[in-house]
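In Swiss-Prot this protein carries:
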type	residues	note
BINDING	Arg76, Asp114, Leu115, Glu116, Lys165, Phe166, Ser167, Arg168, His169, Arg270, Asn271, Phe272, Arg273, Lys279	substrate binding site
BINDING	Asp114, Glu116	Mn(2+) binding site
BINDING	Cys401, His408, Cys428, Cys433	Zn(2+) binding site
COILED	1-22	coiled coil
REGION	462-536	region 'Interaction with RPA1'
MOTIF	401-434	motif 'Zinc knuckle motif'
MOTIF	494-507	motif 'RPA1-binding motif 1'
MOTIF	524-532	motif 'RPA1-binding motif 2'
Amino acid sequence: MLRKWEARVKQIEERASHYERKPLSSVYRPRLAKPEEPSSIWKLFHRQNQAFNFVKSCKESVHVFALECKRGNGQRIYLVTSYAQLWFYYKTRKTLLHCYEVIPENAVCKLYFDLEFNKLANPGADGKMMVALLIQHVCKALEEFYNVQCSAEDVFNLDSSTEEKFSRHLIFQLHNVAFKDNRHAGNFVRKILQPALHLIAEDDEAKVPEAVGQDASGFSVTPLKQEISEAREKVGLPKQCDPDLSFLVVKNHMGEKCLFVDLGVYTKNRNFRLYQSSKIGKCVSLEVAEDNRFIPKQSKDISEENQYFLSSLVSNVRFSDTLRVLTCHPSQTKRKRAECFNSTGTSVESIEGFQGSPYPEVDQFVLSLVNKHDIKGGIRRWNYFFPEELLVYDICKYRWCENIGRAHKSNNIMILVDLKNEVWYQKCHDPVCKAQNFKSTCSPLPTEVSLLFLLKDEDFTSGETDDTSTSLTKDSQTPPSCNLSAGGLSAAAWDDEDDALFLEATEDAEFADAADKSLGSMDDIPDELIIEALQNS
């Protein structure tokens, strides 16, 4: 028995020495080569809301992307990662071939368009000319309604046309201008295309065809002549007749009239195809169009291709003091006088109107900050910047500024709530404070308005291990559990268990060694393997 024990100890020592020379691989924690890049986050989720909840809990700047699966009927899984991390793998073009940006609900975004028509049903249509005329019309409308000047050089024009279908994406790169969210962008698009919608409605007196995408839009098909005239007068432009937008009316494969512009892409958490991605089952990817006139700014640290990629992202909008956020309501001519939201119910007219932000608890906290010193302030409007998880509140009736130690006489202030860093601070619209780039001292947020507290009731934890999510960085070699009886194991059973564990350890070492050799020649992990691992988890 002693001899057998000594032999076993010697065997253990030999194996320990072996593992010291060739240790088992630790859990892979990918990180980009540049030291300044943040730690890698790369997680997959079956459900979109879980992906967004995970993003909100992260201190890092991460985003949600949708990956189209080859299995199932249009099934998608959701990837959470940073722009830099995604581009690192995306640029190889060997994986992640069918990717979509998920445009977050309520988030400030760029103006964008999805254009398409059936070539066989429209043999005389000149797609390039139609795109050029549309850009010209949109630029003119932006100047008329908002006094925003732009041209074709500010429009990223992407093409994924085939022999059967003309298809384009337009993403406007407005200088220091963005829309409050994609719903407001959609309202603006519908408003400026009213003459074209009217032409379609004349062909079908009963209602606008479903292909036009007018369900629940809040717009009548009658052109908004009065509002357009008012907008022109506001910016000092002469009145004019409705523009001829007949070039936007095309026919679908059934021969029915429809709009060249897809009005269905301005919905909640819309999936919008990424630059250089293709639809599943299709071989044509979204590339820079031949007639594209937009050129991104040159940068020493970012390649031109990466710049194009970042420019194509609709929700890639960062907060700045000079950023102007545009709004467009479904029917501003029928808009009621809005109440300035405050705890006392004091009613004042709000130019933009106010509804609660995605975080009503934060709204109430901000109201508590501006209701003091016998002054009853309120929230004039808010804007949500998803990349930074930043809420920017324009305050009304409360003008106290930390920079000057008193209230401004006429200029209003802003309260900014940084949910990722759990702080709030004050800035203001006063020209002198803006010139100084003034920002007040950061103050911590109360626990009850921290993101972790706000998300506590969600079906989510930061370390998910259930069937609804998985991570590419998660260790897949989970050791089996051992069922021990209350009285322990017998000597024979101990020998069997020990041998089994030794065998398992040996197999693990051999597996790790084989994996190193097999993966050494691979540039990346195929899409099929990623999706199969997720579905089998």
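Cβ from N, Cα, C; glycine included.
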* Structure fact -> Whole-number Å distance separating the Cα atoms of Cys401 (Zn(2+) binding site) and Lys165 (substrate binding site) is 56
* To do: Please state how far apart, in Å and to a whole number, the two most distant Cα atoms are among Arg76, Asp114, Leu115, Glu116, Lys165, Phe166, Ser167, Arg168, His169, Arg270, Asn271, Phe272, Arg273, Lys279, the recorded substrate-binding residues.
  => 25
* C-beta crowding around Arg273 (substrate binding site), within 10 angstroms -> 22
* Nearest to Asn271 (substrate binding site) by Cα, among Asp114, His408, Cys428 (binding-site residues)? -> Asp114
* Three-state composition of the motif 'Zinc knuckle motif' (401-434), taking helix and strand from DSSP -> 4 helix, 15 strand, 15 coil
* Structure fact -> Quick tally, other C-beta within 10 angstroms, Arg76, Lys165, His169, His408; top of the binding-site residues is His169
* **Among Asp114, Glu116, which are binding-site residues, the residue with the most C-beta atoms within 10 angstroms of its C-beta** => Glu116
* Around the Zn(2+) site recorded as Cys401, His408, Cys428, Cys433, what other same-chain residues have a C-beta within 8 angstroms of the site's C-beta center? -> Arg399, Asn403, Ile404, Asn411, Ile413, Lys427, His429, Asp430, Val432, Phe438
* Residue pair Arg76 (substrate binding site), His408 (Zn(2+) binding site) - Cα distance, angstrom, rounded -> 51
* Asked: For Ser167 (substrate binding site), what is the secondary structure by DSSP, using just helix, strand and coil?
  -> strand
* Which residues does Leu115 (substrate binding site) neighbour through Cβ under 8 Å, counting only same-chain ones at least six apart? -> Met130, Val131, Leu134, Phe166, Ser167, Arg168, His169, Leu170, Phe260, Val261, Asp262
* To do: Measuring CA to CA, name the entry from the binding-site residues Lys165, His408, Cys428 that ends up nearest Asp114 (Mn(2+) binding site).
  => Lys165
* **Rounded distance in angstrom between the Cα atoms of His408 (Zn(2+) binding site) and Arg273 (substrate binding site)** => 46
